[in-house]
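Annotated features, as they stand in TrEMBL:
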TRANSMEM  B:12-37  transmembrane segment
TRANSMEM  B:62-83  transmembrane segment
TRANSMEM  B:112-133  transmembrane segment
TRANSMEM  B:145-169  transmembrane segment
TRANSMEM  B:206-224  transmembrane segment
TRANSMEM  B:244-268  transmembrane segment
TRANSMEM  B:280-298  transmembrane segment
TRANSMEM  B:304-325  transmembrane segment
TRANSMEM  B:334-352  transmembrane segment
Amino acid sequence: MADFFLLAVLTLDATLRVSTPLIFCAMAGIFSERSGIIDISLEGKMLMSAFVAAAIAAVTGSPWLALAGAVAAACAMALLHGFACITHKGNQVVSGVAINILASGLTAVLGNAWFQRGGQTPTLDASSRFMPITLPMADTLGQIPIIGTIYKHAISGHNGFVYLGFAVVPLTWWILFRTRFGLRLRAVGENPQAVDTAGLSVTALRYRAVLMCGVLTGLAGAYISIAQNAVFVRDMTAGQGYIALAAMIFGKWRPFHALGACLMFGLLDAVAIRLQGVHLPGIGEVPVQFIQALPYILTVVLLAGFIGKAVAPKAIGTPYVKER
Amino acid sequence: MSDQTRTLPRWIDIGLIPLINVAMALVVSGVIILAIGENPIDAVVIMLHGALGYEEGVGYTLYYATNFIFTGLAVAMAFHAGLFNIGGEGQAYIGGLGVGLAMLGLDHVLPMGLLIPIAILMAAAGGALWALIPAYLQAYRGSHVVITTIMFNFIASALMVYLMVHVLIEPGQQSPESREFAANAQLPFIYQVLGWFGIPMAKSPANLSLVWALICCVGVWFYIWRTKWGYELRAVGFNERAAIYGGVRPARVIILTMCLSGALAGFVGLNEIMGVQHKLLLDFTAGYGFTGIAVSLMGRNHPLGIILASLLFGVLYQGGADLAFDVPNITREMVVAIQGLIILFSGALAYMSTPWITRLYFRLHDGATPSDPPKPAHEEA
């Protein structure tokens with residue numbers, strides 16, 4: 001029983017770690033899509049910033065510079081997306097796909113040219129990374145049964161990014177639903193004509209939303225390469241951007257619902273690793289591939305309206321043209 | 001006279017502007033090559049030689065181009081109906097699975113003459129099946145085809161890993177691959193066919209599916225522009241409401257179009273599994289589904305344009321492989337980056353150059369300067 005409890009706590013611990021980039025990206029997606037800009041390119045922005053973070057950390061040894069570089073890189077990609085979708089009214093999905101493919105190619109080419117390791121960066125040492133933080137009295141309180149175990153293993157000992165990720169969710173909610181900027185941002189995603197008529201700039205609002213998306217995906221990328229791992233490897237985001245997209249839709253474009261979806265997908269991931277080769281009573285061996293595919297399957301089922309209806313912001317995907 | 005009423009001549013709209021877009025993508029690619037300390041001109045020379053300079057290289061170029069024709073046609077077919085099919089990758093995967101299963105089951109039973117049509121049917125069925133569900137959900141349940149096809153790419157990938165690792169793997173084998181097909185289940189290579197007529201050619205993976213790809217081009221052209229269904233398809237893509245008013249049922253058109261689109265993507269399985277690999281294995285789609293987006297955008301969604309764009313991408317892929325071999329500083333992924341840039345400039349930024357080209361054209365033409373940029377002409381090839 002005690003073993004099972006510890007296993008559950010450790011699974012929870014793993015869940016929080018793998019959910020963190022999903023949470024950042026899902027919040028990033030919410031900002032962008034609530035303003036009416038589809039963002040397929042979460043994956044590409046995260047990959048690019050992960051690469052830039054690892055490259056800067058490897059060269060300068062400073063994790064803070066690396067973090068700044070990662071955020072700048074993701075913002076640059078976000079501005080490119082904005083330039084295509086807002087300024088030139090291009091197809092948002094096409095632009096997003098282009099950014100994902102560009103990031104996948106560019107990180108591999110630059111990585112190989114700069115470090116000559118087949119697209120990898122050198123492995124980073126502890127001083128050039130963000131390391132886990134042990135919360136106060138984790139060892140002392142860890143002696144207490146149950147609550148102490150949870151505190152020591154699941155709550156303490158995470159990377160600063162993990163705590164930041166959980167702070168970003170209420171912050172996103174507050175910005176979107178309790179500030180004037182948030183009200184306008186949501187309005188521009190529902191009815192840009194009305195916002196324009198009110199004398200506000202649709203363009204400026206959408207650019208700001210896209211930039212917020214850039215900052216958050218930059219944090220996600222930096223977490224992956226210089227906090228969760230100590231190296232950049234080719235295509236290391238491995239579809240997490242798409243999972244975050246799925247989580248965002250699953251959360252129906254709402255921060256706390258999306259957080260729930262991220263945690264659920266993170267739990268699936270953590271469980272998938274533990275279930276490898278395990279025979280479950282009555283079910284038999286569950287293929288790991290099935291659990292890995294579950295987030296995608298669930299999203300399709302949700303989108304089909306079988307478990308509630310996911311309604312996207314009304315003006316999503318349509319460029320705003322004045323005087324129509 | 002307002003520029004709104006003035007339109008550019010056709011040759012600028014369908015010839016010059018796409019060329020400028022591709023040129024911009026290539027210039028940025030050149031800047032990237034400069035940034036990593038190599039000479040872009042040398043790179044182009046190596047690429048062109050690698051892709052077109054010798055027979056084997058040409059064969060490889062044609063083999064890659066075959067895949068791009070299939071996925072490019074798939075994207076274009078859906079595009080004409082206003083659907084964006086990002087699922088080519090998954091559809092190609094399941095198409096290949098269909099071909100593989102048929103060949104594994106029948107290669108010792110039937111002759112090649114029967115196996116080829118069966119493989120074509122199975123590739124089409126696999127791809128169509130994988131497009132059918134997103135199409136149905138879009139048509140009847142209101143979920144967006146872009147998101148569902150992305151999800152289906154991942155589901156296809158997980159399904160294939162499961163099947164290859166647990167079901168179809170050859171016993172006693174380490175890597176997840178099926179057994180090799182018997183000789184009569186292998187599509188003849190082009191060099192073999194030419195050999196039968198006494199024309200010698202260097203060995204290369206270009207095979208008879210190239211011929212099928214060209215037949216598909218004609219078929220797609222005929223379907224879209226010469227049949228009632230094609231008319232309905234374009235009507236839905238142009239204005240769904242008007243199409244309904246004209247008696248078209250969009251739900252049916254969406255499902256039919258996506259299935260055809262998926263079937264076309266599925267033919268990648270024909271080229272890869274029956275034509276080149278001769279066994280089922282993982283990751284044979286290698287991003288061809290995504291390249292199809294670039295090919296279709298570059299070829300302006302027209303079969304002829306798609307053939308030309310496919311050849312260019314064939315040159316990039318094969319030349320890129322040679323370039324990566326000759327210049328270690330440049331890896332094969334350079335081609336992926338170029339592909340991203342082409343999608344960006346030919347797709348998302350397609351009309352970036354239109355305003356100043358219009359201004360330049362009318363200034364040269366009659367000395368008049370339009371006051372503000374014109375509305376981009378609707379893309380119709």
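A Cβ is built for glycine as well, from the same backbone N, Cα and C atoms used for every other residue.
All annotation found in TrEMBL is predicted automatically rather than curated by experts.
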Stretch among B:62-83, B:112-133, B:304-325 sharing the most Cβ pairs under 8 Å with the transmembrane segment (B:334-352): B:304-325
For the transmembrane segment (B:112-133), sequence-distant contacts whose Cβ falls under 8 Å of one of its Cβ atoms, 6 or more beyond its ends: 74, 85, 87, 90-99, 101-103, 106, 148-149, 152, 156, 184-185, 187, 208, 212, 255, 258-270, 274
Top Cβ-contact partner of the transmembrane segment (B:62-83) among B:12-37, B:244-268, B:304-325 (pairs under 8 Å): B:244-268
